[in-house]
Ligand SMILES: CCCCCCCCCC/C=C\CCCCCCCCCC(=O)SCCNC(=O)CCNC(=O)[C@H](O)C(C)(C)COP(=O)(O)OP(=O)(O)OC[C@H]1O[C@@H](n2cnc3c(N)ncnc32)[C@H](O)[C@@H]1OP(=O)(O)O
Ligand SMILES: Cc1cc2nc3c(=O)[nH]c(=O)nc-3n(C[C@H](O)[C@H](O)[C@H](O)COP(=O)(O)OP(=O)(O)OC[C@H]3O[C@@H](n4cnc5c(N)ncnc54)[C@H](O)[C@@H]3O)c2cc1C
């Protein structure tokens with residue numbers, strides 16, 4: 001069937017090449033091209049297609065379908081991608097397995113990265129190759145039923161037995177059961193387990209251990225291990241998140257991951273070069289999250305924008321034909337700022353992934369000085385990005401009206417998966433408060449006359465306000481954001497200090513200032529996102545692409561400043577606020593002809609999108625009908641439940 005003419009017209013009105021834009025989104029022409037090649041190659045392998053729509057499958061079927069595809073994938077892995085390239089691998093996974101989770105997700109995202117960052121050279125020799133060849137399947141078991149956020153309260157113990165040179169793992173209480181780890185429930189046979197290291201009754205705190213959970217031949221749990229699936233979740237139901245308990249389970253001393261902390265055979269403990277070095281796997285995932293969430297948001301927007309260009313409802317001036325809903329200003333206001341955010345998140349994601357890769361090298365060379373900065377940055381970024389992604393996806397769903405609520409749109413699944421990110425890798429409020437610690441310390445440095453020692457990301461906290469001329473473009477909006485973040489950070493810090501100076505304990509003062517502190521963290525992070533977006537656009541060479549991204553940037557900066565209006569009341573007059581509001585409306589109109597091309601440029605395939613509404617060809621209605629007819633409920637005209645219950649009930653009512 002040919003393309004819906006409404007979408008053809010939209011594409012014709014685009015002022016730039018989507019391949020050129022994809023090269024900017026994905027960091028290089030080479031990678032953008034590789035993505036297309038991988039997608040093309042996959043489309044020719046019929047076994048990679050869903051055997052029937054995932055939304056009609058039970059949880060067991062989803063997990064089985066994911067395993068089937070993983071097994072097929074193992075035959076093609078080396079021919080489809082450069083296996084040393086993480087981004088290519090991720091693209092392959094997204095295309096073939098989608099986003100509902102699968103039994104290798106944690107193996108790739110946390111198990112292997114933990115071995116790379118935390119295992120000694122000898123340990124890597126023993127396990128890393130096996131993991132990379134997928135001879136074993138691993139997971140990352142840290143969270144417990146009673147403890148997730150506060151790692152210092154974990155209960156699982158690994159007690160060193162000097163006589164046998166083994167660690168004895170125990171889960172002393174019900175709350176100490178590991179709870180949540182992905183792939184633990186049914187798939188993984190090994191795990192990195194985070195447990196308190198106990199030597200001669202001294203607790204050295206949480207440390208990572210390499211633990212075999214299941215027999216490599218029979219896959220049965222090993223004696224001393226209780227393991228299983230935690231049940232259905234809001235989304236991610238293609239993954240088997242699990243529980244795990246230990247009863248006097250022994251592992252060799254060599255199974256404690258010993259790149260940084262060490263326990264010698266006589267039970268001596270060697271401290272790591274940085275107290276939080278064992279947290280690196282979390283920083284790794286957090287550093288990926290802006291990119292991954294940006295792509296979740298992008299997926300929802302591809303669906304909503306394409307659908308809005310074919311959905312006609314109501315009239316503007318011309319009463320002879322209903323208009324595309326994309327022509328309504330309210331629809332544009334609902335969707336376009338999110339397009340801008342998706343671009344901005346992806347740009348930030350590339351930056352934080354690069355920073356993590358550099359930090360990993362630095363740490364391996366003994367330099368841990370960058371850890372605090374990246375921890376603060378990624379803590380704030382994961383929190384803001386996951387929250388705004390959730391908001392944006394929900395707006396995209398509502399922008400699709402009733403059909404958005406149908407699983408045919410697939411938006412609810414994207415939403416469910418994306419908002420998991422508000423919780424995993426550290427609950428958002430808690431991570432905002434981690435960043436706040438860093439911001440408060442920065443203010444204290446300024447108060448103590450050490451402004452010069454501030455890092456580049458917080459140097460603005462020491463600056464004075466300057467006049468704002470909003471006709472000058474994005475950099476002026478950046479100054480507005482700096483003003484808001486600086487003011488709020490000072491206010492929140494001063495509130496905390498005042499409470500503490502009044503005699504309150506440090507902890508209580510912190511708690512009483514914490515809402516204000518999280519606000520400071522959000523503003524600081526939004527400033528970072530805006531400045532990364534501005535810098536990125538500034539570096540683009542292709543003038544057509546750059547022009548459109550400047551338009552998108554204008555949507556971003558005006559929307560963001562309007563959104564934080566309450567924090568800039570002392571800086572901007574109401575006339576200036578009106579001016580910004582009008583600039584936003586003008587920017588929405590300017591971006592309108594490029595809206596479909598901007599979302600096309602994400603180059604997310606129909607296979608990956610799994611959305612009837614978001615199809616590239618725009619043939620929504622006929623496919624919606626086809627999709628509904630394929631519902632298992634439509635296999636028969638009269639359901640057994642009607643025969644068994646409703647008919648007798650109706651008959652009885654007739655008497
Ligand atoms: C071939 C390649 C293939 C690759 C392809 C990959 C394919 C993958 C397929 C993908 C498919 C689908 C994707 C699915 C992804 C799903 C992923 C889900 C993953 C979810 C996993 C998890 O959730 S794991 C569990 C995570 N848990 C947490 O995050 C817990 C949060 N809590 C904490 O981190 C800590 O408790 C805390 C930081 C909040 C506090 O720690 P602590 O109490 O120890 O510290 P303090 O608060 O007292 O702070 C003391 C000082 O320490 C500083 N600090 C803390 N952390 C760090 C750090 N990490 N680095 C540096 N410094 C740190 C803190 O700032 C304090 O400093 P000062 O203020 O100076 O004192
Ligand atoms: C989809 C998904 C996948 C996961 N995968 C894994 C995995 O593979 N491995 C693994 O180990 N774990 C995993 N987890 C667990 C996850 O990491 C934890 O759920 C997360 O870290 C949050 O911890 P919590 O559940 O203890 O929340 P809690 O800390 O109990 O949070 C509950 C509430 O308390 C608040 N709160 C807690 N502490 C503070 C504080 N200090 N100050 C202010 N407010 C506070 C929070 O803000 C929140 O509102 C996964 C979770 C999900 C949802």
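A Cβ is built for glycine as well, from the same backbone N, Cα and C atoms used for every other residue.
What TrEMBL records for 18-137 is domain 'Acyl-coenzyme A oxidase N-terminal'.
Secondary structure from DSSP puts residue 182 (FAD binding site) in coil. Annotation source TrEMBL lists FAD binding site at 143, 182.
The annotation domain 'Acyl-CoA oxidase C-alpha1' is assigned in TrEMBL to 279-440. Per-residue pLDDT, averaged across the domain 'Acyl-CoA oxidase C-alpha1' (279-440), gives 97.
Feature annotation from TrEMBL assigns active site, proton acceptor to 425. Cβ-based neighbour count (10 Å, all protein chains) for residue 425 (active site, proton acceptor) stands at 24.
Under the heading domain 'Acyl-CoA oxidase C-terminal', TrEMBL lists 474-651.
The two recorded residues, residue 182 (FAD binding site) and residue 425 (active site, proton acceptor), have Cα atoms 12 Å apart. Taking every protein chain shown into account, 143, 182 are the binding-site residues, and of these the Cβ with the most other Cβ atoms within 10 Å belongs to 182.
For the pair residue 425 (active site, proton acceptor) and residue 143 (FAD binding site), the C-alpha distance works out to 10 angstrom.
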